[in-house]
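My questions will all concern the structure given below.
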Amino acid sequence: MASSNFFLLIALIALVATQVMASDPSPLQDFCVADKHSPVLVNGFPCKDAKDVNVDDFFLAANLDKPMDTTKSKAGSNVTLINVMKLAGLNTLGISMARIDYAPKGQNPPHTHPRATEILTVLEGSLYVGFVTSNQANGENKLFTKTLNKGDVFVFPQGLIHFQFNPSYDKPAVAIAALSSQNPGAITIANAVFGSHPPISDDVLAKAFQVDKKAVDWLQAQFWENNHN
């Protein structure tokens, strides 16, 4: 009986530890400004010596009040991400943010953030947004969608495929998003599947999407761009 309880305790500890490790590690001090030049390799960045930290490590003149150019994107959007790579003071704090500009009929195409949940609010215009669940026991992937107007808020759970689309024919839209990681990452689905280097075998993709290999070859020949800056 004691042995059984011991193994149950070990299993419980392992489960809790797994949940704790599922997001950015919690800071163990006031701050840990990223030392991007350190030769030490860790999960994230090592800390700059506290005596060398200054106020500018926590500041970035990001110009997020200004409209961003969406004309160079085939998707008609521009994502301006502020993460630890741009703001060293974010290291270990488990947060980042982005401004997203959408041209009329522009979209932030289906993508995932492997390391972060996202909460988004509309500043200007309106957006049709949604996310798709992971594979369910009944074999379905459920779609949740909503049309957001100025001031509305929507949350996209970590790791799930999601999107935003500006339905207006003549008005741009703007949103601000907060993400629960200093480095949330982004995987744009179409880019990853059809624009990888080297390319995924067209035999694999033709079978996966149940289409002719010529369709796959055509898709792989397109220019798959990144709308994140």
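Cβ atoms are placed via backbone N, Cα and C, with glycine included.
Under the heading oxalate binding site, TrEMBL lists Asn108, His113, Glu118. Among the features that TrEMBL reports, Mn(2+) binding site is placed at His111, His113, Glu118, His162. The disulfide bond annotation in TrEMBL covers Cys32-Cys47. The domain 'Cupin type-1' feature in TrEMBL is assigned to 62-217. Look at TrEMBL and you will find 1-22 tagged as signal peptide.
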Given His113 (oxalate binding site) and Cys32 (disulfide bond), what distance in Å do their CA atoms have, once rounded to a whole number?
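Rounded to the nearest whole number, the Cα-Cα distance is 23 Å.
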Looking only at C-alpha atoms, tell me how far Asn108 (oxalate binding site) is from His162 (Mn(2+) binding site), rounded to the nearest Å.
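Roughly 9 Å, rounded to the nearest whole number.
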Between Cys47 (disulfide bond) and His111 (Mn(2+) binding site), how many Å separate their Cα atoms?
31
For Cys32 (disulfide bond), write down the residues of its own chain that are at least 6 apart in sequence and whose Cβ falls under 8 Å from its Cβ; none is a fine answer.
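Correct list: Phe45, Cys47, Lys48, Asn91, Thr92.
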Provide, as an integer number of angstrom, the distance between the C-alpha atoms of Glu118 (oxalate binding site) and His162 (Mn(2+) binding site).
10
If I restrict to non-local contacts, at least six residues apart, and a C-beta distance under 8 angstroms, what lies near His111 (Mn(2+) binding site) in its own chain?
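Expected: Ile161, His162, Phe163, Ala186, Ile187, Thr188, Ile189.
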I need the neighbours of the Mn(2+) site defined by His111, His113, Glu118, His162. Which other residues of that chain put their C-beta within 8 angstroms of the C-beta centroid, in sequence order?
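Leaving out the recorded residues gives Thr112, Ala116, Phe131, Phe156, Leu160, Ile161, Pro184, Ala186.
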List the other residues in this chain whose Cβ sits within 8 Å of the Cβ centroid of the oxalate site residues Asn108, His113, Glu118, in sequence order.
Ala98, His111, Thr112, Ala116, Leu120, Phe156, His162, Ala177, Leu179, Pro184, Ala186
